[in-house]
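Below is one structure, written out as structure tokens; comments come after it.
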Amino acid sequence: MGLLARIRKEWFIIGIVVVILSAKLQPSFGVKGGPLRPEYTVSYVAVSVIFFNSGLSLKSEELTSAVLHFRLHLLVQSFTLIFFPLAVWLLLKLLALTAINPWLLKGLQTVGCMPPPVSSAVILTKAVGGNEAAAIFNSAFGSFLGIVVTPVLLLLFLGSSSSVPFSSIFSQLFMTVVVPLLLGQLCRRFLRESLERRKLPFGTVSSFILLVIIYTTFCDTFSSPDVELEPTSLLVVVLTIFSIQLSFMLILFLFTRRSGSGFTPADTVAILFCSTHKSLTLGIPMLKIVFSGYQQLSVMSVPLLIYHPAQILLGSLLVPSFKAWMTSRQKSRVLLQ
């Protein structure tokens, strides 16, 4: 693969690096009260556009075939929103005894509280040949569920800024997440044929807006002289993230492949990706809302920014192995018949 092709493929990850460096060089442009006015353009307009865009692009009709697979849905959602945050909380009790930046540890807890992403788990499940319909349903349903459950988990495990009342958090989430999402779905009903014919770049639009949010978040950080990130702490966080993903995937694989589980190999693939992936698109705006006023917000965001490319990288590396495993399972089933 040539350099330009590689850049086009990995443009979003490159974009994250570029906007963080830009924020470091000129933080005054994107800070609260600066020329970009992120307290309005980001907190309300940008977040609303992301979720309107998601509602407009989400094909609800594709989910109907997977709705009745209740055991699979229960496993994915309970693992993602109950087991995952609790397991991370217990792990952080141990890591808190070390010299790791405590705000990075809080950021790891926010990762655990996030819902699954709408895109990456589906893309990787499809690439392997797994249960794509189940992946679509759980990614979409998990995102909807996360609108309510994730803020509750964040407040339960970490608390919130004293200047932002609980009711205010949910009213802002409702107006900037739920309402735009529902409006997007409503518009899709009238524009469905046109949208499917033109194949608009919904994902690219959301990614560009997300880069703006990341930029303003880091502008706030670099404008504060008190913020420091030690390389050792970052390295430990990266290793912890990969360890969490691999460990949880192994647990789910062993659980779903035990005798009498009732899950097919295709189901297992969907479960692995949907249960261990976390949403950056939903996560960063939620952190911006729930922890408004925190000077260390961008430090808390770092683990989620690392987790996003890590889950895609790890998932991509595992695709050939999962494909080979599914092929062998299918051959074994044919021989047994």
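Glycine too: its Cβ is placed from the backbone N, Cα and C atoms.
From a predicted model like this one, the values you see are computed outputs, not experimental measurements.
Listed in TrEMBL:
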| type | residues | note |
| --- | --- | --- |
| TRANSMEM | 12-29 | transmembrane segment |
| TRANSMEM | 41-58 | transmembrane segment |
| TRANSMEM | 70-91 | transmembrane segment |
| TRANSMEM | 103-124 | transmembrane segment |
| TRANSMEM | 136-157 | transmembrane segment |
| TRANSMEM | 169-188 | transmembrane segment |
| TRANSMEM | 200-218 | transmembrane segment |
| TRANSMEM | 233-256 | transmembrane segment |
| TRANSMEM | 268-294 | transmembrane segment |
| TRANSMEM | 306-326 | transmembrane segment |
Stretch in 41-58, 70-91, 200-218, 306-326 most in contact with the transmembrane segment (233-256), if contact is a CB pair under 8 A: 306-326
Paired segments the transmembrane segment (169-188) and the transmembrane segment (41-58) in contact, 3+ CB pairs under 8 A: yes
For the transmembrane segment (103-124): best-contacting stretch of 136-157, 200-218, 306-326, by Cβ pairs under 8 Å: 136-157
Proximity verdict for the transmembrane segment (136-157) and the transmembrane segment (306-326), three or more C-beta pairs under 8 Å: no
Folded-back contacts onto the transmembrane segment (41-58), same chain, C-beta under 8 angstroms, at least six residues removed: 118, 140, 143, 172, 175-188, 191, 195, 200, 202-203, 205-206, 209-210, 212-213, 216, 281, 285, 288-289, 292
Remote residues contacting the transmembrane segment (70-91) - C-beta distance under 8 A, at least 6 residues beyond either end: 108-109, 111-113, 115-116, 131, 134, 137-138, 141-142, 145-146, 149-150, 153, 157, 240, 244, 248, 252, 256, 262-263, 267, 270-271, 274-276
